[in-house]
């Protein structure tokens, strides 16, 4: 079956500017403006503290690990075409790493910075800069925007079974063990439900990013390829199921890493 129904010629820096896409261009623009607006509003509100040096260390480390995974580990994972067309299971490594950096940093904008650094490193070491700046936009909007906006609500509680931050009665000099014991009483059923929601809201957009955003718009706009709408929609729906599975698998490991690295919230 022919899935690609049209390809146009290059115009500038490998960008075809073909607007004959499944997803209309204005939907992407509106989505991007909403994302930027939410980030601008939340940071102007003063709800979150500025990024610290350790935050950038986490972001840089995870960005480098995603490079290693995507270019050296994922290619050697056995793939079954009949399966990976609908459920791209090698994506689990990237989902796990991105959920981890979101959990460790816990600030809106974390995903945008991470995906920017990852894309920059990818261009330097592998792809080259053809098609830019639109691949930067694609990676940030497709893989990071939803989770960044969710972090505006969950913040440092992301991937934690709590509904409120550290107890005000805890002294600044409290030991890690004291903080863990004190905070354990804050873990609630709602908190655990939110932790599951954290994993799903983080993983599902990442799982559908390629099928929905790339095939649906950026493959057409940048590379000139127009995919049939039936392929875009069916693979996107299938990828939602894959995202649920990969998010739930990643959840306990990410939560454990956060607990070990960060201690109690």
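Glycine residues also receive a Cβ, built from the backbone N, Cα and C atoms like all the rest.
Annotated by TrEMBL as transmembrane segment, the relevant range among 135-153, 154-172 is 135-153. The stretch from 23-43, 112-129, 135-153, 189-213 with the most CB pairs below 8 A to the transmembrane segment (86-105) is 189-213.
Just going by CB pairs under 8 A, the stretch in 23-43, 112-129, 135-153, 233-257 that sits most against the transmembrane segment (55-74) is 112-129. Here the transmembrane segment (112-129) has Cβ contacts under 8 Å with residues 13, 39, 51, 56, 59-60, 62-64, 66-67, 70-71, 98, 101, 135-136, 139-140, 143-145, 148 of the same chain, all six or more residues outside its ends. A Cβ distance under 8 Å defines the sequence-distant neighbours of the transmembrane segment (135-153), meaning residues of its chain 6+ beyond its ends; these are 28, 31-32, 35, 38-39, 42, 47, 98, 102, 106-112, 114-116, 118-120, 123, 127, 198, 201-202, 205-206, 209-210, 212-214, 218, 222.
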